[in-house]
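A.B. asks: Quick one: the structure is below, questions incoming.
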Amino acid sequence: MEEEKNWIVVPTWRIPERLERWHSLIKHLKYNTKDLQMACYVPHHKVGWAWWTCSRVIFPLRDETHLEVQGYWNLAPEKGWLSTYAVRITWYSRNFWTDVTPDYADTLLHSTYFPCFSEGEVRKAIRGEKLLSCCKFPKAHKNQVPSLQYLALTVVSHVRSQGEDPTWKQWRRNNRKGLRMAKQNSRRNKQGSSKSPAEGANFPGLAKVLGILA
């Protein structure tokens, strides 16, 4: 008697491209800029028995929780083989775990990683002084109800980016540079180049980097 196939069903996000772009950006932010120094990158040959997993990236968060992004390959649908890759994004606490959307994962990441406006920037903005910090992960605020302080600082930084101060223009360009840097570094890895990627790139968000929801 032929044994029936057992299926393991988990929610995943299909991605249109391979995961080199994601791996490249994670390694750059972990080893070069140190923005993700606490993150743990596990390549496919260290995953172990889970042969369908091509990588795991674990982000320790506050209060003994962590976020995990698993990349899948060789997935089998009902017919044929899945030609594209997929990722699963899961949040874990001590006694509970749940799958989360890319947007909410960005919010969780920003609670621990990537600097935002400092507490004293609101007072500086009111006094008309030069702001010395900026949010390096603006995508994480996309689905949140922004505070009045965050809105005010965003407006101030936007106005100054249109003026004479080139620093704020650079902050805005950095939001786009993150994804571009990941693409370029991925190509360099394929070509065997040892040239280091550009520094100062902001994190563009999980959905943007992985290409999901495109």
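Here, residue 1 is simply the first one shown, and the rest follow in order.
Every residue gets a Cβ built from N, Cα and C, even glycine.
Not measured: the values here are computed from a predicted model.
Found this in Swiss-Prot, in case it helps:
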MOD_RES   THR98  phosphothreonine
MOTIF     110-141  motif 'HCCH motif'
MOTIF     147-156  motif 'BC-box-like motif'
MOD_RES   SER147  phosphoserine
REGION    154-166  region 'Multimerization'
REGION    166-201  region 'Disordered'
COMPBIAS  170-190  compositional bias 'Basic residues'
A.B. asks: Mind looking up the mean pLDDT for the region 'Multimerization' (154-166) in the predicted model?
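C.D. replies: 55, rounded to a whole number.
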A.B. asks: Determine the Cβ neighbour count for the residue listed as 'phosphothreonine': the number of other Cβ atoms within 10 Å of its Cβ.
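C.D. replies: 9, counting other Cβ atoms within 10 Å of the residue listed as 'phosphothreonine'.
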